[in-house]
Amino acid sequence: MALTAETESRLYRSLRAAAGAAAHLVALGFPTAVAVLARPGSSLFSWHPLLMALAFSFLMTEALLIFSPETSLLRSFSRKVKVRVHWALQLLALLCALLGLGIITYNKHLNGKAHFVTWHGLTGLLTVLYASGQCAGGVLLLYPKLMKNWTLAKLKVYHATSGLVGYLLGCASLMLGMCSLWFTASVTGVSWYLAMLCPLLTSLVIMNQVSNAYLYRKRSQH
């Protein structure tokens, strides 16, 4: 029997809600697992994976999920409050990422090792630089009059899509980090594959959210 449009819509919303709930769990669970593995404070390096996991798995994911119509933790709050919390979480994410980048750079300097010579290092550097630019670009949404030839709606679309690119870069950097000798020496077998699924799951949820909120709506208006 074919499903009615209403049933399909309800089923789709339920699936999105379930996926969003899973994304919340992963956003918190992944950095927690990294903290257990890295044992922050045991060495200078130990702070790097924790800070990057906090930045791109927890803080940035939650900053974007705030706008989810199904799973936002601030659904009952106004758009203005959500935007302010989004800003705060993104700034915290950027600070964690900058600190994590600084720590690994200094640690490699102390140990006489070359930096930015692996895909993980290069992608991580690009991600942090991109996130810095994205946060700076977000100022335009707070003060849209600075861009006289751009409408607020257009600025929102470009900020959301460019933010999605930055988030995917962050997820890619995390996944490349899980291919490092440090991670693979401790996490093997099924556990390694499950860990790799974490940023993959959250990236799919965020892509779906942004597509439905901006890209699909923009296409439907033409």
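Using N, Cα and C of the backbone, Cβ positions are placed for all residues, glycine too.
Annotated domain 'Cytochrome b561' per TrEMBL: 12-217, in sequence order. In the predicted structure, the domain 'Cytochrome b561' (12-217) carries a mean pLDDT of 92.
Annotated transmembrane segment per TrEMBL: 17-38 (among others), in sequence order.
Per TrEMBL, transmembrane segment is recorded for 44-67 (among others).
Outside the transmembrane segment (87-106), and at least 6 residues removed from its termini, the chain residues within Cβ reach (under 8 Å) are 44-45, 47-52, 54-56, 59-60, 62-63, 66, 115, 124-125, 127-128, 131-132, 134-135, 138, 142. The annotation transmembrane segment is assigned in TrEMBL to 87-106 (among others).
Per TrEMBL, transmembrane segment is recorded for 118-143 (among others).
Within the chain carrying the transmembrane segment (164-185), a Cβ under 8 angstroms from the stretch's Cβ atoms is held by residues 37, 45, 49, 52-53, 55-57, 60-61, 64, 118-120, 123-124, 126-127, 130-131, 134, 192, 195-196, 198-200, 202-203, 206-207, 210, all 6 or more beyond its ends. Taken from TrEMBL, the feature transmembrane segment applies to 164-185 (among others).
Annotated transmembrane segment per TrEMBL: 191-216 (among others), in sequence order. For the transmembrane segment (191-216), the list of distant contacts is 16, 19-20, 22-23, 26-27, 29-30, 33, 56-57, 61, 64-65, 67-68, 156-157, 160-161, 163-164, 167-168, 170-172, 174-175, 178, 183-184: same-chain residues at least six beyond its ends, Cβ to Cβ under 8 Å.
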